[in-house]
Structure formats: C-alpha cells, structure tokens
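A.B. asks: Sharing the feature lines straight out of TrEMBL:
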type     : residues                                                       : note
BINDING  : LYS101, LEU102, LYS103, THR205, ASN312, PHE313, ARG314, LYS332 : ATP binding site
DISULFID : CYS154-CYS178                                                  : disulfide bond
DISULFID : CYS236-CYS246                                                  : disulfide bond
DISULFID : CYS280-CYS289                                                  : disulfide bond
CARBOHYD : ASN203                                                         : N-linked glycosylation site
TRANSMEM : 63-82                                                          : transmembrane segment
TRANSMEM : 358-380                                                        : transmembrane segment
Amino acid sequence: MLTVIVHGRWGSGGVGCPPPADCAALAAHCCRMAGSCLKGRFLSLFDYKTEKYIVAKNKKVGVLYRVIQLSIIGYIIGWVFVSKKGYQETDEAIQSSVITKLKGVSVTNTSESGLLVWGPEDYVIPPQVKTFTQYVQTIRPLLETEISSLKLKCSVVFSSGIMSGRCLRKDENSNGTCEIYGWCPIERKFKPHRGPLLTNAENFTIYIKNFIQFPKFKFSKSNVLETSDDSYLKKCRYDEELHPYCPIFRLGDITQRARYNFQDMSTFGGSIGIMISWNCDLDKGYSHCHPQYYFTRLDISVSNTTIATGFNFRHARYFKNATGESYRSLFKVYGVRFNIMVHGKAGMFSIIPTAINVASGLALMGAVTFFCDMVLLYLMKKGNSYRERKFEDCRYDKQHRSTDAEFSFSFSKYLGFIHL
Ligand SMILES: Nc1ncnc2c1ncn2[C@@H]1O[C@H](COP(=O)(O)OP(=O)(O)OP(=O)(O)O)[C@@H](O)[C@H]1O
C-alpha cells in the first residue's frame with residue numbers, strides 16, 4: 001500500500017502564504033463567508049476519506065513484498081495458529097495429586113543377618129517429609145525412656161557420640177580412651193555389596209496414581225485408563241507402544257528408559273525423575289487428554305565428574321530381647337529414589353486470544369508495506385521519481401481559498417492522523 005502524504009500550510013506568513021494585503025482581503029472574505037465556511041467544515045466531517053494508492057511497477061520490490069507477505073501469512077497460520085494454537089486460552093495452573101504403591105518380594109541371606117524376607121513394608125521408606133517426621137516421633141519416646149537403663153556407654157578411640165567426660169583404660173603405656181554415650185557396637189564401615197542385595201528388585205512394580213485438575217476449565221482426570229475391566233491393573237505393565245495408559249511400571253524398565261542400568265544404579269543408589277506431562281487440547285474432548293511419561297536420572301551432572309552421585313541414608317529397626325533390653329539394627333541403605341513431577345497445560349478455544357493474534361498478524365502485514373516503501377524510496381535507483389509521486393505538496397491556492405480538501409487535510413493533520 002503506497003499512500004500519498006499531503007503536506008500543506010494554513011495561516012499567515014511563511015512560504016505559500018499570500019501577501020498581507022491579500023490576507024486582509026481574504027480575512028474579510030472569510031468573515032463574509034463565515035456562515036458558509038463553518039457549515040462546509042461541519043459537513044466535511046461526514047465525508048468519507050479514502051487512501052490513494054500508487055502502483056509501483058518495480059518487479060524487485062513487488063517480489064520482495066509478496067515473499068515477506070507469504071512468510072508472515074505462513075508464520076501466522078502455521079506457527080501461531082496451528083503449532084502454538086493461538087486461538088486457545090490456556091491454563092497451566094494445574095492442581096495435582098500423586099499416590100504411589102510398590103509391590104514385590106525379595107529374600108536375602110547374609111552372614112550378618114541370616115535369611116530375611118523383604119516386602120514393600122520393609123524396603124519402601126516413605127519419601128514425604130511428613131511421613132518421616134511421624135516415624136521419628138514414634139521412636140523418640142522409646143530412646144528417651146530407655147536410654148538411662150541401657151548400657152549405652154561405649155569406649156572407643158574414634159567415634160561420634162556424646163562424651164561422658166571419663167577416661168578409660170588409662171595405664172602407664174597409653175593415655176587411655178574417652179568414654180562416649182552411644183549405641184554399641186559402633187557402626188562398622190562396609191563397602192556396599194556389588195549389585196542389588198534384593199536381587200530381583202528390578203522386577204518390583206510401582207503403581208503411580210495421578211489426579212489432575214484445570215480449575216479454569218473445571219476439568220479433572222486421572223492417569224488410570226477408564227475401563228470396565230477390573231483385572232486390567234493386575235495384568236498391565238506400562239509400555240509406550242502397547243499400554244501407554246497403564247500406570248504400573250517395572251523398576252528395571254524405568255531405569256532403562258532413563259538410559260541407566262538398574263544393577264549399576266543399585267550399588268550406590270541414585271535418583272530417578274518421573275515426569276508426568278499432561279498436554280490437553282480440550283477442544284478435542286475429554287478422551288483425548290492423556291498423560292505422557294518421561295524418565296531421567298537426576299543425581300548426575302553433564303561433566304560426569306561429580307562426587308555427589310548416588311543416594312543412601314541410615315535407617316534403624318528397634319526391638320527388645322527376652323529380658324526387656326532394647327536393641328536396634330542399623331542399616332545404611334542404598335536405594336533408588338523416585339521423584340515424581342507433574343506438569344500440565346490445557347487449552348480451549350476463546351475469542352479473545354483469537355482476536356489478539358489476528359490483529360497482531362494484520363499489524364505485521366502493515367509493517368511489510370512500510371518496509372517495502374523504504375526499499376522503494378531509498379534503495380532503488382529510481383527512488384527519487386517514486387518519491388515525487390508519493391509525496392505531493394499541496395500549497396495554498398488563491399483560486400481555491402478554502403476548499404474542502406484543504407480543510408480535510410488540516411483537520412486530519414491536527415488530529416494527528418498519520419497514515420503509512
Ligand atoms: N505396585 C503394583 N504393582 C502391580 N499391581 C499393583 C500395584 N499396586 C496396585 N496394584 C494393583 O492395582 C489394583 C488397584 O490397586 P489399589 O491400590 O487401588 O487397590 P487395592 O485393592 O488396595 O490393592 P492391593 O490391596 O492389591 O494393594 C489392584 O488390583 C492391585 O493389586
């Protein structure tokens with residue numbers, strides 16, 4: 001669009017103004033004509049003003065104009081509307097709840113502890129801080145009441161504990177050892193057993209139940225397939241191709257999907273992130289909103305030189321012998337910690353984002369005209385001749401003293417209408 005910008009002057013003095021004598025005559029004339037002038041100006045408010053186009057027969061600029069125009073149309077339709085769904089209102093304020101249940105049984109037979117059977121209630125340590133606090137609270141009274149009756153004093157050369165202040169086994173050959181309060185025997189340092197102690201741990205299964213809500217659209221759903229088959233959860237195992245909506249995962253498959261071997265990870269432990277991603281196009285309907293799972297190992301760094309890899313913690317079991325003495329078994333456990341993260345985004349058609357994106361598309365199209373005008377006027381060889389045609393100087397003309405066109409120009413100018 002090539003628009004003519006009209007320049008002009010209105011008033012006395014300066015280039016284009018008639019001599020003062022003529023101005024006085026003109027003023028007198030205007031006064032006589034005041035009534036009709038005002039009427040004419042008022043009526044010109046209801047004139048329809050249209051833009052003047054100049055067709056520039058320049059192939060280079062013409063091709064450039066079409067190419068940019070097509071690119072912008074492609075961007076708006078392809079990227080903004082089709083890919084980014086610019087016609088939808090979105091809600092990322094997802095409300096979510098995750099419930100997990102692990103299943104699987106294993107047997108260990110070591111020289112220290114003999115034959116032991118391990119079920120989920122033994123090897124699953126609740127990761128939530130809240131559960132852990134409850135665990136500490138049930139144990140603490142036992143320690144506090146029993147601590148005085150127990151012979152917890154232990155004399156060692158190096159250990160951590162509370163010093164009693166007494167020195168034991170002091171003779172002429174040695175300075176003796178400090179007595180401390182602590183559990184006997186003190187913890188011995190073992191190198192972790194190579195590979196998992198719970199040998200079939202990679203076949204354990206974890207059931208991840210996830211509920212999500214998009215409050216803006218009053219939408220809620222769970223990741224468990226909606227089916228009338230009661231035995232579905234007993235049989236199914238998650239598989240991207242065959243059972244993408246089965247919420248039961250084999251531990252070995254999870255580490256494999258995170259590109260790590262379960263056997264390697266189980267020696268020193270590790271942390272696996274399970275991301276549940278909900279990307280729902282609610283225009284397609286309820287049944288098309290499904291979760292997608294992504295697995296990644298979290299306790300590693302890109303450089304692979306971190307010394308912080310692995311995951312372990314200490315865990316104790318307390319019991320009493322036949323005479324009522326309290327004992328505890330202290331375990332330093334190496335395990336795989338699962339961090340489950342939920343991310344969600346839902347979109348639904350709305351007229352407001354549609355209108356905003358259409359308007360910004362049209363504004364971009366206007367910018368193309370401005371850009372091509374600049375190229376045509378300032379970069380082309382014949383730029384001067386185009387400039388002469390594009391910009392016309394409308395000067396005051398005695399014969400047409402107060403024309404509608406002139407008034408209309410001034411009115412537009414002083415209202416600040418600038419057309420590109
Ligand atoms: N980790 C898991 N591995 C395999 N199946 C599981 C697992 N957790 C639950 N299930 C099965 O999924 C179904 C639904 O489990 P849910 O916990 O809702 O019900 P439940 O009757 O309390 O299960 P259960 O008493 O068997 O633990 C049950 O058939 C259950 O056996």
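Just so you know, glycine gets a Cβ as well, placed from its N, Cα and C.
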A.B. asks: Check each residue in the chain of THR205 (ATP binding site) that is at least six apart in sequence and keep those whose C-beta is under 8 Å from its C-beta; list them in sequence order.
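C.D. replies: Once residues fewer than 6 apart are set aside, THR205 (ATP binding site) is near LEU102, LYS103, GLY104, ARG237, ILE248, PHE249, ARG250, LEU251.
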A.B. asks: Considering the disulfide-bonded residues CYS236, CYS246, CYS280, CYS289, which residue's Cβ sits among the greatest number of other Cβ atoms within 10 Å?
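C.D. replies: Top count of Cβ atoms within 10 Å goes to CYS280.
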A.B. asks: C-alpha of LYS101 (ATP binding site) to C-alpha of CYS236 (disulfide bond): distance in Å?
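C.D. replies: Cα-Cα distance, LYS101 (ATP binding site) to CYS236 (disulfide bond): 15 Å.
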A.B. asks: Sequence order is fine: just name those binding-site residues in ASN312, PHE313, LYS332 with a Cα within 10 angstroms of CYS289 (disulfide bond).
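C.D. replies: Hits: none.
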A.B. asks: Here the binding-site residues are LYS101, LYS103, ARG314, LYS332; which one has the lowest number of other Cβ atoms no more than 10 Å from its Cβ?
C.D. replies: ARG314
A.B. asks: Compared by Cα position, which of the recorded positions CYS178, ASN203, CYS280 is the closest one to PHE313 (ATP binding site)?
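C.D. replies: Checked the recorded positions CYS178, ASN203, CYS280; minimum Cα distance to PHE313 (ATP binding site) goes to ASN203.
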A.B. asks: Other than its own, how many Cβ atoms are within 10 Å of the Cβ belonging to PHE313 (ATP binding site)?
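C.D. replies: Around the Cβ of PHE313 (ATP binding site), 13 other Cβ atoms lie within 10 Å.
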A.B. asks: At its widest, how many Å does the recorded ATP site span between Cα atoms of LYS101, LEU102, LYS103, THR205, ASN312, PHE313, ARG314, LYS332?
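C.D. replies: So the binding residues stretch over 24 Å, Cα to Cα.
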A.B. asks: Cβ under 6 Å from ligand 1: which of the recorded positions THR205, CYS236, CYS289, LYS332 qualify?
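C.D. replies: Among the recorded positions listed, those whose Cβ sits under 6 Å from ligand 1 are THR205.
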A.B. asks: Measure from the CA atom of ASN203 (N-linked glycosylation site) to the CA atom of ARG314 (ATP binding site) and give the result in Å, rounded to a whole number.
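C.D. replies: Spelling it out, the Cα of ARG314 (ATP binding site) and the Cα of ASN203 (N-linked glycosylation site) are 24 Å apart.
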A.B. asks: Specify the count of other C-beta atoms within 10 Å of the C-beta of LEU102 (ATP binding site).
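C.D. replies: There are 15 such Cβ atoms around LEU102 (ATP binding site).
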A.B. asks: Given the recorded positions ASN203, CYS246, CYS280, LYS332, find the one whose Cα is closest in space to the Cα of CYS178 (disulfide bond).
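C.D. replies: Of all the candidates listed, LYS332 is nearest in space.
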A.B. asks: Can you give me the Cα-Cα distance between CYS246 (disulfide bond) and CYS280 (disulfide bond) in Å, rounded to a whole number?
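C.D. replies: For CYS246 (disulfide bond) versus CYS280 (disulfide bond), the Cα atoms are 18 Å apart.
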A.B. asks: Could you check which of the recorded positions ASN203, CYS236, CYS280 is the closest Cα neighbour of LYS332 (ATP binding site)?
C.D. replies: ASN203
